[in-house]
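**Q** If you scroll down you'll find the structure; I have some questions about it.
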C-alpha cells in the first residue's frame, strides 16, 4: 500500500533566465519503473497543473526514460512583468497502474537588458526642420528607459556639429544658422548607455529651411492682350516673367498666381505662362456687354508668408461667327386634318429661330433644304420668311396614299456669313442647324364599323363552365388608320334570375357565360351586341343555342323511410307496401335503374321492377336465417341508387354522362318470441323539447331589452303626464285622495317587476303511454304455454287463462311544464342526467295513483284519464298556493 517513487530527481528546484527562447532546457529527470511494468510508461510525464497557471514550460523526452523540462517561448518569460517563480506538478503512470506526482519549482532569474528608446525614436528615424535665423534653443527631447530602471547616460556624435545633448536627453542647437553659408542638413547619432555599458543608438536628421527677405519684381512690360473668343483650353495668352534678388544669378524659384476670381484663365505657378482654361464666349454675359477681362497677377518667392509683387493685365475678347442659328424648339409637331385644301398655313419658323452672335455680320441666317418623305405636299414661301404651307390634298383612305399618318420634314437653317476663322477653328467650318417638323394628318371618322356577319349563332352545352368562351364577334372599320372598336351587349343576355348571363370582351369581342345554362329552363338565348368607335356604332344579333346534356339527377319520393318487418315475412312480399316514385327533368322514366348500393347484407332486399319504370317496390328476396348464424344484423340501413342509364348501351356508358339519385331506407327486423319473453303490458315513450338560447341569435335579447327599456320609459313618461294633469285639474285634497294614486303606482311597479322575471327556458315533456295491442297468439314449444304477440312490433306476453284476446286502446298524455328560476320545484319535470330506464320508472311512478291496478289487471282509458287529471290538479295546487 506504499506509493513507490517513479520520478527520480523530483521534487527539485531549478532556475531559468528571463527572455529565454523556446526549447531552452530547464531541468532533467528520470522515470523509474517496476520490473513488472514490461510495457514501460503508460502515461508519459505530464505537467498537469502549475502555480501560477502558465504555458511557458513543457516536457520533452531525451530517449529511454530520461526527460527534460524546456521553455515553450509562449509566453516569453519576463522578470519585470511576470511572476518570479512557478511550481509545476508533474504526473507519470507505468503500465502496472502505479502513479507518481511531484513538484518542480522553477525560479526566473533577472538578466540585464540594454536600454530602449520610446516614442517616435523607437519606431522611425526622427527628422527635425529648423528655419534659418532661429536662435539657439531646445529642438528635441529624447525619450529612453532601462528595463532595470537604472540611470542612463546620453551622448551625441559627431561632436563637431553645432548641437549638444544634456543628461535629461534634450537636444539643443548651439548657433543661429544661415541657409546660404551653413550646411542644409545634419545627421546626429544619439546613444543611450546603462551603468553596465549596454547601449542603444538612434539617428536624428535636422534640416535647415531657407527663408527669403527680398521682394521679387516683374520683368514683362506688356499689359494689354487681344484674343478671339472660343479659344481651345490650353491656348497661351502671355508669358509672365519675374526676378527674385535673393536668388542672385541662379534661376529664381518664384510662384505665380491670379488673384482675381476668374475661371477663364490660369497661370502656371512655376513658369508664369498664362493659358485659357475655360470657355470664353463673347456672346454670353458679361462679355456680351463688356468684352474686356482684367486680371491681377501675383508673384511670390514662397508659397506662403513670403514676399510678393502684383501686376494688372487686360485681355480683350473679339467676336467670331461661332454660333449657328438656334431654333427653340428644334422639333415642331403640327396637326392637319386629312383633305385639307392647298395653301393652308402650317408654321412660321422664323418666330422660333435666332442667332446670338454679337456682331450683326455674324447673326444673319436663311431657311433652305426642305426634304423628307411627303415633302412634295409642303413648301417654303421664301428662304427668309420661313413660312411652311401645304401644296396638296392628303386623303388617308385613298389607295394611292402611302398610308402615312405622320410626315417627317427637315429644314436647314444656315448662317449667311462664312466663318472668319474656318482654317484655324475646324469646328466652325459649318454653322447650320436642322429643324425637324412632324406633321400629323388627323384622320376624319367617315365610316361606321361593320360586323363580319349580320347575326351570329353559337351552340354551347348546358354544362359549360362559367367563364368559358362560347364564340367571338368581329367588326371592322374602313377608316385609315382603323379606329379601336369597343364591343358591348346592349339588349337581351338576361333571364328571370340573372340580369346578365353573358359577357363580351370590350376589346376582342369574345363572348363568355356568367351563369350556368339550363336546357330544361331556356333552350335559346338571343341578345344584341354593339360595336362602337368614336361616336359611331352598329349592332348585330347573337343567338346562343343551349345543347341538352344529362345533368339532372333522378329525384325520388320518399328519399328516407323507416320500416319494420317480422322475421318470418314471406319471400316475395312487398315490404309494408313500400314503393318509391322517381322523376328526372331531362331523362325518360324508362331510363331509370334501381339497385341497392350499400347495407344489403346477404341480399335480402330487391326492387321490382329494377329498371325501365319511374315506380319500384321494395321486395323481400330471401328469408332471414338468424338461428344458423348466417344473419346477425337486425337493423338494415339501405342506400338505394337510382341511375338514368338504363337506355344507354354498354359501349356508350364510358362516355355518356350518368346521374344518380339516392334513397335511404332503415329496416328493422322483429324477431319471433322465445321463452324469455317479457310480460310487460306496455311501455312509455317520453319526448323532451327544450327552447335554448342560440349564440347566433345574439340580437334577440338585445332587441327585447331595448324594447323593454323603451316601453318602461314611455310608461314612466305617461305616468308623469298623468300626475301633472291631476295636480293641475283637481283641487288639493287630504291624504285620502292621494292614497289610490300611490297604490296604483305601487301596483304598476310590482307588475313591471313581475313582468321582468320571464322564463329563461321552456321545457315541454310529452309522455305517451302505449298499451300494446296483442293481435296474435302461439304456443311456446318448450313450456307448452300459450303467449300473445303483436305482429307489428313483436311484443309478447303470457296469455292468462281467464283473459280473451282483445285490443287495448292507446292513451296519450301530454304534460307541459315551465322551468322558472326558483319556482315550481314540485312540478313533474323531465329527467336530465339519469339512465333511460330510470327516467321511464320515475315518470311512470309520478303518474301512477295510489289505487293503481295490480300487475295482472289492465287500466281502462277512463280510469287513466281521471288519475292523470287528478294528478295535474294536485300539481297545480302545489305550484300556486
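Using N, Cα and C of the backbone, Cβ positions are placed for all residues, glycine too.
Residues or ranges marked as compositional bias 'Basic and acidic residues' by TrEMBL: 826-843, 871-881. The compositional bias 'Polar residues' annotation in TrEMBL covers 854-863. Residues annotated as domain 'Cadherin' in TrEMBL: 8-117, 122-218, 219-327, 328-451, 452-560, 557-683. The annotation region 'Disordered' is assigned in TrEMBL to 817-881. Taken from TrEMBL, the feature transmembrane segment applies to 698-723.
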**Q** Could you please provide the mean pLDDT value for the domain 'Cadherin' (557-683)?
**A** 82
**Q** DSSP helix, strand and coil counts for the domain 'Cadherin' (452-560)?
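**A** Helix (H, G, I), strand (E, B), coil: 0 helix, 52 strand, 57 coil.
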**Q** For the domain 'Cadherin' (8-117), DSSP counts of helix, strand and coil?
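**A** Counting residues per DSSP class in the domain 'Cadherin' (8-117), I get 0 helix, 61 strand, 49 coil.
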**Q** Work out, from DSSP, the number of helix, strand and coil residues along the domain 'Cadherin' (328-451).
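**A** Split by secondary structure, the domain 'Cadherin' (328-451) comes out as 13 helix, 51 strand, 60 coil.
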**Q** With helix taken as DSSP H, G or I, strand as E or B and everything else coil, how many residues of the domain 'Cadherin' (219-327) land in each class?
**A** 3 helix, 44 strand, 62 coil
**Q** DSSP on the domain 'Cadherin' (122-218): how many residues come out helix, how many strand, how many coil?
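**A** Taking the domain 'Cadherin' (122-218) as a whole: 1 helix, 46 strand, 50 coil.
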